[in-house]
């Protein structure tokens, strides 16, 4: 699978992910780009799960963003609704983290749209719980930037989870 983590701190939101693509117990690729910018660079999105499925979902989500003038929550709810009810989409196996300058969300294939706890940290994928734990500890006990927390959290997840590597793609808003 993978690890995707998002941290929002001091007016900045950062989404990062590793680059490992696995097929069963074999690493197929080590430098996949699982975090992207959508909607003219105003929305960050990262995926965990099937790569082909995720690209389909990225395209659908970008269409929803266009349809709803970039309104993140409305677009996420509409995507989740379609994902849950459409026969073909229902078979897609992936999860998304999406974020803009105001909010961050997880979108799941069972129709859930999840907002973060008060700490504004989200994580998904096989290494998600490791990254989430690390990020929470770093937010509570350091003054590190959101980007530094994402980097360190992904490194910890990559050291523990066999389906996560340490080749990272990290995007942030506002751009630094």
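A Cβ is built for glycine as well, from the same backbone N, Cα and C atoms used for every other residue.
From a predicted model like this one, the values you see are computed outputs, not experimental measurements.
So that you can see what the record holds, here are the features copied from Swiss-Prot:
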type     : residues      : note
ACT_SITE : 2             : active site
BINDING  : 158, 161, 164 : Na(+) binding site
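The residues near the Na(+) site, meaning same-chain residues not in 158, 161, 164 whose C-beta sits within 8 angstroms of the mean position of the site's C-beta atoms, are 2, 3, 18, 20, 126, 127, 130, 154, 157, 159, 160, 162, 163, 165, 166, in sequence order. In the three-state DSSP reading, residue 164 (Na(+) binding site) counts as coil. Separation of the C-alpha atoms of residue 2 (active site) and residue 164 (Na(+) binding site): 5 Å, rounded to the nearest whole number.
Applying an 8 A CB threshold to same-chain residues 6+ apart, the list for residue 158 (Na(+) binding site) reads 3, 18, 127, 164, 165, 166. DSSP assigns residue 158 (Na(+) binding site) to a helix. Within its own chain, residue 161 (Na(+) binding site) has 3, 126, 127, 130 as residues 6 or more apart in sequence whose C-beta sits under 8 angstroms from its own.
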